[in-house]
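Listed features, source TrEMBL:
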DOMAIN    A:24-533  domain 'Cytochrome oxidase subunit I profile'
TRANSMEM  A:33-55  transmembrane segment
TRANSMEM  A:75-100  transmembrane segment
TRANSMEM  A:121-145  transmembrane segment
TRANSMEM  A:165-191  transmembrane segment
TRANSMEM  A:203-230  transmembrane segment
TRANSMEM  A:263-281  transmembrane segment
TRANSMEM  A:293-312  transmembrane segment
TRANSMEM  A:324-345  transmembrane segment
TRANSMEM  A:357-378  transmembrane segment
TRANSMEM  A:398-416  transmembrane segment
TRANSMEM  A:428-449  transmembrane segment
TRANSMEM  A:469-492  transmembrane segment
Amino acid sequence: MTTATDVHAHDDHHEHHPAGIMRWLTTTNHKDIGTMYLTFSLIMFLVGGMMILGVRAELFKPGLQLMRPEFFNQLIGVHALVMIFAALMPAATGFANWLLPLQLGAPDMALPRLNNWGFWLLPPAAILLTLPFTLALFGIGDGAVATGWTLYAPLSVQGGLGVDFAIFSIHLLGISSVLGSINIIVTIFNMRAPGMTLMKMPLFAWGWLITAFLLIATIPVLAGAVTMLLTDRHFGTHFFDAAGGGDPILFQHLFWFFGHPEVYILLLPVWGFIPHILSAFTRKPVYGYKAQVYSFWAIGILSVVVWAHHFLTVGMPVPALLYFMYSTMSISLPLAVLFFCWIANMWKGSMSFETPMLFATGWIILFGIGGLTGLVLADVAADAQYHHSYFVVAHFHYTLFAGGIMGVMAGVYFWLPKMTGRMYNEKLGKLHFWLTAIAFNMTFIPQFFLGLAGMPRRIPDYALQFADFNMISSISAFVLGLSQLLFVYNIVSCVRGHGEKAADKPWEGAEGLEWTLSSPPPYHSFTEQPVIK
Amino acid sequence: MNAEDRALANRKLVKKLLWVIAGAILFTIALVPLYNVMCQVTGFNGKTGNSAEQAAKSMKVDNTRWVTVEFTSNVMPGLAWTFYPKQTSIRVHPGQIELATYVAKNIANQEVIGQAIPSVSPGQASLYFKKIECFCFQRQTLKPGESKEMPLTFFVSPDLPKQIETITLSYAFYSAVK
Ligand SMILES: [Cu+2]
């Protein structure tokens, strides 16, 4: 196993690293790997976005206009899998690769070769997931997985070829995340600069440490569940087949035992880096560091004992319903502590609203709406009404698009000057924020009302009374999708070296070891580890 | 920390983490039997136990109380049968042994084997609904066009919580699997 210290040994001849495609295939450099993760994530974000625009186009009017219902079902499920596993998770891992060594004062990640493997499993996984779309064009199989991303049995036991492809894709994605997590945990524990105790570590590292632990504890459960699905489909087992003594509800338990912690796997890295941004643009130190660390832990631990709130309507006995309701709601206590800290960080700060700060501020509000609507769904009595409706769709887009992706965007704008050495176009950045925030709300607020009025999710057609809200939602979704091109433009122009040169510390209030390095940082980050007092 | 020390420390920690992952995999495998045991013990999910004979002997009939037992049926996709209960409901005293009958008919032109899977609702009641003899204990074979009465002997345990007045027994008939 190669370790980071090998990087020292290579120092004298590091100019010889291979050029062109071989550089990327063989690289063990944390910044190269981080860049690959982030690039992959951006591409898959656009791919997943286009899929859902297909869905929104179909939902623009009642009736079936553009596609068969089967294809609609494929689009919604693959959209979710792509966005979660191929866009949001790689974005977080990309940031971990880029930033952890810089913030911890390390020369590189602890296990560079493992790191390379972790990334290169992703493109094949994405291909496996989407290949059935193409195969169907040639008459092979009936398209991609059409069960929704949750792969519920018995539908997924009966489904076509696409389910098998999705299962193998999930295996690869799972291995990739587990490898990434091992690397991150080892880096955080063993590679910190001398004097940086755990409780002096940046919050981003804390967020990721808990994410990594959640990943290695829950990804095996998902992998196990889909493997059982595979053997049910092809090898005559009956884990989820009632006729053979199995139980389809068991699949829901296994899936959500992974699925709920997954929500926090996606969010904790974002909660980690938002305080860095708030602190920089309020010119105040991070508020309530300890409280935030403890809240991370509390949420991480609670997240593995509340899974059944995703299927409260499945017919559980009342004591179980009450347990899952109260335990779910109790997560809002540590989350409220975090919200308090974020807002207190802004209190009486000398604030300025550059793009990262705009995104961070908007993020607090929108993620707050996501959290509050989650409380409604956790209520057993209310959930009977809202379960599987568009209310749920709107809720989790507030947590995952606003709470996840807009948070990541705040991070991209914040660290892009550090990564590329160039400033992005501030005007376009601000325009990107406002278009995103407005179009996002215009897309999903109508969906709350649709859900309250009883429109079910995952159905390609709807009753006439839902037409107006769907039209607003569809138009806004296209505006939302198109405004992301500004984001792409800003990133591409920085990467290609346009724009002003960025200072080593482009944000006056920013704190942390990464700002002590040049922009962009040297190929090997800290060849001499800094000492923290 | 010098290079070798760090390499050693990294390797040690990786090993520990691999153990955690192995533990998570074992836990997942263990969840399957655990889940079934839990359902049988608590009656979650309407799963009913089968061994009711021993309880039947030492039981007193509670004549002060009536419970309505309702019967429903489903034929799952892939089974060309018709299947319905002869009676939609029966009023019973807890502890009293009763007989109910379902009728199944094979409308396919070949011999078909089916397996009925019972489910009781509310789930809370499933612990107290006892089957002594049931067509769901074995697979059922029907010749083309054959129709068969399928009996079920059951009782409701007198321990049934007071607030439960109606119990629904549902059967889903599946095409039998290997
Ligand atoms: Cu959840």
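Placed from the backbone N, Cα and C atoms, the Cβ positions cover glycine too.
If one looks beyond the transmembrane segment (A:203-230) by at least 6 residues along the same chain, the residues whose Cβ comes under 8 Å of a Cβ in the stretch are 92, 95-96, 99-100, 103-104, 151, 153, 156-157, 163-164, 166-167, 170-171, 174, 177-178, 180-182, 184-185, 188, 237, 239-240, 251, 254-255, 257-259, 261-262, 264-265, 268-273, 275-276, 286, 289, 292-293, 296-297, 299-300, 303-304. A Cβ distance under 8 Å defines the sequence-distant neighbours of the transmembrane segment (A:357-378), meaning residues of its chain 6+ beyond its ends; these are 270, 274, 277-278, 280-281, 309, 324-325, 328-329, 332, 335, 339, 342-343, 346, 351, 386-387, 391-392, 394-400, 402-403, 406-407, 409-410, 413, 430, 433-434, 437, 440-441, 448. Remark: the transmembrane segment (A:469-492) makes no contact with the transmembrane segment (A:293-312), by the rule of 3 or more CB pairs under 8 A. Of the two recorded stretches, the transmembrane segment (A:165-191) lies close to the transmembrane segment (A:121-145), with three or more CB pairs under 8 Å once pairs fewer than 6 apart in sequence are set aside. Ranked by the number of CB pairs under 8 Å to the transmembrane segment (A:293-312), the listed stretches A:263-281, A:324-345, A:398-416 are led by A:324-345. Below 8 angstroms of C-beta separation, residues 84, 88-89, 92, 95-96, 99, 202-208, 210-211, 214-215, 218, 287, 292, 296, 299-300, 303, 338, 341-342, 345-346, 349, 351-354, 356-357, 359-360, 363-364, 399-400, 403-404, 407-408, 410-411, 414, 507-512 of the same chain, each at least six residues beyond the ends of the transmembrane segment (A:263-281), sit close to that stretch. Counted over residue pairs separated by six or more positions, the transmembrane segment (A:75-100) shares at least 3 Cβ pairs under 8 angstroms with the transmembrane segment (A:398-416), which defines the two as touching. Packing against the transmembrane segment (A:121-145) from elsewhere in the chain are residues 37, 40, 44, 47, 70-71, 74, 77-78, 81-82, 85-86, 90, 151, 156, 159-163, 165-166, 168-170, 172-173, 175-176, 179: each is 6 or more residues past its ends and has a CB under 8 Å from a CB in it. Mean pLDDT, taken over the domain 'Cytochrome oxidase subunit I profile' (A:24-533), works out to 93 on the 0 to 100 scale.
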